[in-house]
Amino acid sequence: MPYFSRLILFLFCLVVLVESRKPKKRRWTGQLETSKPSHLYKKNPDMTKIRHGKPQPLLRVDDHDFTMRPAFGGPAIPVGVDVQVESLDSISEVDMDFTMTLYLRHYWKDERLAFPSASNKSMTFDGRLVKKIWVPDVFFVHSKRSFIHDTTTDNIMLRVFPDGQVLYSMRITVTAMCNMDFSHFPLDSQTCSLELESYAYTDEDLMLYWKNGDESLKTDEKISLSQFLIQKFHTTSRLAFYSSTGWYNRLYINFTLRRHIFFFLLQTYFPATLMVMLSWVSFWIDRRAVPARVSLGITTVLTMSTIITGVNASMPRVSYIKAVDIYLWVSFVFVFLSVLEYAAVNYLTTVQERKERKLQEKFPCMCGMLHSRTMMLDGSYSESEANSLAGYPRSHILPEEERQDKIVVHLALSNESSSSRKKGLLKGQVGLRIFQNTHAIDKYSRLIFPASYIFFNLIYWSVFA
């Protein structure tokens, strides 16, 4: 037993000796200690590497229920809106829509976001805070597509003032429907509207209004379109009613566009006018040149058909007549009538030649007098040639006032043996002179067609321009 007590005492002394030889640990003080204290080696602490405690948040977002609107159960919360239009990107006649890029800003007051501030300065946040607080649920009525820009981050800004006033701004591109009237196209003006409205809150919960009236809408002076002249931007507001939900405040961004006519003058009106004028060349071509006049008429008709097809391909299929349709189809009718004019001339020429052959077969002794008479009336032969063929020498050409009577008397004396043949001859060559003289139809067409087309243009441009 004494031996065991001695052993325990020995072990205890050994443990005390070992513990006394270990170095003592020092607490970290954040100060750099050196063996040689000097101001050359003294360093200030790096505050970026010092761990701070969690600061007390100024906006107590977690202390409130932001699923409810501000002042829930009370009067409607007023939400002011202003818009700055950055660009009007495109206008589509086929789809009847427009694309616009704009800055949309909302203003309202939420006392739950009020915070103490000695300097009365606001705090600015990005889009991450938007998901934690209440914001107005404004959407674009009749919108087809829209998105918030996200380069390089979501283009959303939230600014909160100490008294709870909130500014909520975002950059949006929206494509919306525009009801267009093309009855005066391309001499038309179009008025389009971008409409804003709360999706869930009626006018009893949310009062949407333009913050500064007409001054709430600002536009960039550099906005321009290739086919349109932007005439006016203005704002309006009214109530919209839905039978299942009630009345809603709706804001309108209205703008008026007037189409540039110069592009369509070059692409549509000028080519159509040239085709009509080209069809008139047929009236100066000899009526016996069938291939030339027929090919010219067919070419102008097909070209007009191509112009009409090209214009309609770039337009919506509306159920009413457009101004450009009137011009193109009237021009097409003029071109087509020039083809019909030659068809009539060619037919009458064929009928006339057939009658001449029959008369020559009945009266072979006329020695070419009837033929010479017809040729002179047609204008295909000169005066001296006609009189020479009729038996008159060149030295006996009569004055103008006696020439017609002389020739008629000559023909009448040649056929006085038969009263029936005399009546038929006078009826065929004097009574129907204009209708048998197919050259006269071309002569009258040279005046009637241009005069009618010019008259049509005067009426058209005075009505639609």
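Any Cβ shown, glycine's included, is placed from N, Cα and C.
Segment annotation: Swiss-Prot labels transmembrane segment over residues 294-314 (candidates 84-104, 189-209, 294-314, 357-377). Swiss-Prot lists Ser169, Glu197 as binding 4-aminobutanoate, and of Arg105, Arg259, Arg287 the one it places in that same site is Arg105.
The membrane topology recorded in Swiss-Prot keeps Ala292 and Lys443 together on one side. For the residues Asn254, Asn415, the entry in Swiss-Prot flags N-linked glycosylation site at a single position: Asn254. Applying DSSP to the topological domain 'Cytoplasmic' (282-293) sorts its residues as follows: 7 helix, 0 strand, 5 coil. In the predicted model, the topological domain 'Cytoplasmic' (282-293) shows an average pLDDT of 89. Of the ranges 261-281, 326-346, 445-465, the one with the most Cβ pairs under 8 Å to the transmembrane segment (294-314) is 326-346. Cys192 (disulfide bond) sits 21 Å from Arg105 (4-aminobutanoate binding site), counting Cα to Cα. Sequence-distant contacts of the topological domain 'Cytoplasmic' (282-293) (same chain, six or more residues past either end, CB-CB distance under 8 Å): 338-339, 341-342, 345-346, 349, 438-439, 442-443, 445-446, 449. Cys178 (disulfide bond) and Arg105 (4-aminobutanoate binding site) are 23 Å apart (CA-CA, integer value).
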